[in-house]
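Q: Dumping the structure here so I can ask a few things about it.
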Amino acid sequence: MADVVLKNVRKTFGRTHVIHGVDLDIRDGEFIVFVGPSGCGKSTLLRLIAGLEDITSGELFIGGERVNDLAPAKRGIAMVFQSYALYPHMSVYDNMAFGLELAKSSKADIDSKVREAARMLQIDNLLDRKPRQLSGGQRQRVAIGRAIVRDPKVFLFDEPLSNLDAALRVQTRIEIAKLHTDTRATMIYVTHDQVEAMTLADRIVVLNAGRVEQVGTPLELYHRPANLFVAGFLGSPQMNFIPCTVSHIGPDGVQVQLPKAGSITVPVSPEGLRMNETVTLGIRPDHMKLSPQGTLTGRIELVEELGENHLLYVNVGGERHLTIREPGDAHHEAGQEVALALAPESCHLFRESGEALPFLSGSRTPAPPSPDLSSRAA
Amino acid sequence: MKMLTRIGFWLLVAAVGLFSIFPFYYAIMSSFRSGSDLFTIAYLPERLDFSNYVAVFERQPFGTNIFNSIVVAGAVVALSLALGITAAYAFGRIRFRGRSLLLMTILAVSMFPQVAVLSGMFELIRAFGLYNTLPGLILANLMLTLPFTVWVLTTFMRELPKEIEEAAFVDGATPWIVVRRVFLPLMMPAAVTTGLLAFIVSWNEFLFALTFTLTNEQRTVPPAIALMSGSTAYELPWGTIMAASVVVTLPIIAMVLVFQRKIVAGLTAGAVKG
């Protein structure tokens, strides 16, 4: 059990800067998920914590101890790799026992720990098999088992589910969540899958190009994205973005002029906003409705039926497309002209720099983020 | 038409087989003949006469020569693999300045013909006081086997997944433990193959063995066979030479056959990713 603290951690490979000064406080027992597009540095950040890469500058503390110069095995961590990384020539039992053996644990101790972990993961009937005789899901369990027997303070997962098929992925995801509730160990989990991030995380760290974009609970990030990047990254289908101009600033929010359409008043604080400034309005596909009184008009280009809901792709002039999600089966066809109504309280406004404008207090459902949970990105 | 291609195929196989096996077959044939019989051409043995085989061991310390060869080849294989695997770990896994230059240098060493390095090697061996000793031959033969051992093992080492090594580091392994307990078992097929090649190279090595030994008791098999003399200075004892050749070739063939199964089995086991 330990907290993990990163202080201005940087990593460069030669002249390439991969991690640009990350500050992060991970509390004891917390489940933290690093998400971001590929190449954003999330795996590198995990490997820095694991000690598989050297930190170029900055400090890393695990359980209050500065571990910058400690070998991976001395940091009290265990890591589960995407490719499982089992030792192919060893049996499942030996794979799990290897770390304990190197740590010079007693035979009886090793045996009881390995068997207990195997029972927990329901692989106790596979202990004599070689990795090549196992299915992908079983291999991943062995890899998790190998991490458990080391009784680490911090579990590190590097995209552990991306080599599994969809059904197994859901099942293993639930098992990892259960493992977290059972052990209460600190866990750091890297993924590019936002469903995994949303379902598993206590807090999500969104990374982009080696920088922390936002840190917060899954719902905070979903409802209160700090910037355009986070807004666009979380949620599927992606949030719609509409460029518009500020037409009025009042006590109940900012009125913006939509292109070739009416205006809408978004309940955000206008901090430093000027008239006629260009801003971006963001709205999720679920927060728009087809309605005859709608402010935006356009032509349906494509209908995607998903069963429980359907997606409409609407061309609102120019090359701009908006995505709308409506429940149930579609009642419209491609080519139809429709009008869209936007729920103003569900709209987000972003400055030209990409930064989100804060909502006026009491304007929407989720609790505002408490100060210590907000992003500490430099 | 189908029949014709099939016949053609088997004719070709027969031709290749004949070409590679006939010299050895003729050596066995000749080893059973003696005297002037040797100089008549015959393709089938008339009788089994083992007198040449007896003569090989009676007229010179051929048993000692075989023992020497085994010691030299065995030591060369052991040293090549030990140095090769540790070097392969460094070349395949650790980034350091001048790595590819060093690797190229090692390759370049194997480009020199043996004759070119002979005199230099001779001085070296003399300076170490290893002239006319088996360690001298072992040292010289390492120059022939190490370059390809290092290269093949480095290539193989690079193909092993990096995560396995990292998992071992997280488990608390030192590089030495990683090499010994994780990589060595995985590299068995490559180690067996290169070890076998190193053994054959060292077993058949002639020039160094001839130059760096003086007495018959220190010679390995190839110069011992070459320096066999008949009853007069003008007679080359073909029968005995052939018998000696057969004696030293059979163990090699047996070894290749035994290990070939291992190589194939090992390669297929390694091919399935774990």
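Our numbering is plain: 1 for the first residue shown, then up by one each step along the chain.
Glycine too: its Cβ is placed from the backbone N, Cα and C atoms.
Pulled from TrEMBL, these are the listed features:
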{"type": "DOMAIN", "residues": "B:66-259", "note": "domain 'ABC transmembrane type-1'"}
{"type": "TRANSMEM", "residues": "B:7-28", "note": "transmembrane segment"}
{"type": "TRANSMEM", "residues": "B:66-89", "note": "transmembrane segment"}
{"type": "TRANSMEM", "residues": "B:101-122", "note": "transmembrane segment"}
{"type": "TRANSMEM", "residues": "B:134-153", "note": "transmembrane segment"}
{"type": "TRANSMEM", "residues": "B:182-203", "note": "transmembrane segment"}
{"type": "TRANSMEM", "residues": "B:236-259", "note": "transmembrane segment"}
Q: Count, for each of B:7-28, B:66-89, B:182-203, the Cβ pairs lying under 8 Å from the transmembrane segment (B:134-153), and report the range with the highest count.
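A: That would be B:66-89.
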Q: Which residues of the same chain, at least 6 past either end of the transmembrane segment (B:66-89), have a Cβ under 8 Å from a Cβ in it?
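A: For the transmembrane segment (B:66-89), the nonlocal Cβ contacts are 134, 137-138, 141-142, 145-146, 149-150, 152-154, 156-157, 175, 178-179, 183-184, 187, 191, 194-195, 198-199, 201-203, 209, 218-221, 247-248.
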Q: What same-chain residues lie close to the transmembrane segment (B:7-28): Cβ under 8 Å, and 6 or more beyond its ends?
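A: Here the qualifying positions are 242, 245-246, 249.
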